[in-house]
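Novice: I have a structure here, written as structure tokens, and I will follow up with some questions on it.
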Amino acid sequence: DNTTPSPPAPPLHLITMSGLSKRTLLALLLGALLATAAFADTETDALGDDLGDDEGGDDTDPGAGGVPGGGGGMDDYGGGGGGGGDGPSPADPIKGFVQLDDLTFDKVIDGSRNVFVYAYTAYDDVSTGAREALISVGEDLGDQANLLLVKVDIDENTALRTRFGITEEDEAPGRLLLARKVAAKEAITFTKVAIEKDVTVDAVVEEIVAVAGEIGTVPELAPAAAAFVAKPSAAAVKAAEAAVAALPAPEQSGAAYYIKVMNKALAKGADYPATEAARLVRMIEGSALRADKMREFRYRINTLRVFDPSIPKPPAANQAEDGDEDASEDADADADAESKAEL
């Protein structure tokens, strides 16, 4: 056969390049890519529509409150579905309070301190005033070494509800459980007190004082103070120092003021507690003190009243208003300097 054989076929990419210009090829490739992207977007939109139909609602589903992304729609009983409100909730944290439960209650409350327990349910009707009263209690008393402030949800911790005899018939929006500090191995006894919706901070503190004693005082030192008042002497001071040393370490710093009062009374006379209380009252009433400084002076007056019960209770605070920071700092500095000089 004299037929001349055909040359071998070139590689595929050579055929493509030889049959089309590079510019034409690039245009075709770009068109294909754009078509693929458009098809993918269409499929994604369709899939999203299908999912929306399957879930049974658009962005303004009435079950979501009738607004895009809205929460707290109707519940199974035709009421609000718990979308939350602006009012205070018993479950909200309160500075100075420790949140406890069935498992931690007895680990923390061991009788070594006086205890104030705020027992609540999530559905308690707590007014803004009551909330502010508890906040004030936390701010004023949360740092007291011999007093523990506690919150317990008695709906979630039914064992504690049963233990303290809190029933559904208790109509108060909250309950206070108060326990006095006890000796080792002595049973802790709680007293239940109802909280009124419009309870004031003074009413709460009054309940605490009835159990724990005046804020700032150390009941364990009452005998030593009485012995000193009956017969002021260095020996009485020594006995008081021994009583302070026997206290738990966290309580010793506050108890040290008893010793300072005794030493000052020996040096200046038996009327020292009354004159010192009068000086502190003048600073409280005449200066724009910070809240912490005001509390310190009020606690001192409570201690001075242990030595002289005729001393009136501390007056209400004269705290600095907003914008009076400079005046407050000046008043605090003057009070610090005067107190250090006095002590």
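Using the three backbone atoms N, Cα and C, a Cβ is placed for every residue, glycine included.
Just so you know, TrEMBL annotations never went through curation; they're auto-generated.
Relevant sequence annotations retrieved from TrEMBL are reproduced here:
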| type | residues | note |
| --- | --- | --- |
| SIGNAL | 1-40 | signal peptide |
| REGION | 46-93 | region 'Disordered' |
| COMPBIAS | 46-61 | compositional bias 'Acidic residues' |
| DOMAIN | 216-307 | domain 'Endoplasmic reticulum resident protein 29 C-terminal' |
| REGION | 307-343 | region 'Disordered' |
| COMPBIAS | 321-336 | compositional bias 'Acidic residues' |
Novice: Residue counts in helix (H, G, I), strand (E, B) and coil for the domain 'Endoplasmic reticulum resident protein 29 C-terminal' (216-307), per DSSP?
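Specialist: Counts, helix then strand then coil: 76 helix, 1 strand, 15 coil.
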Novice: On the 0 to 100 pLDDT scale, where does the domain 'Endoplasmic reticulum resident protein 29 C-terminal' (216-307) sit on average?
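Specialist: Summing pLDDT over the domain 'Endoplasmic reticulum resident protein 29 C-terminal' (216-307) and dividing by its length gives 92.
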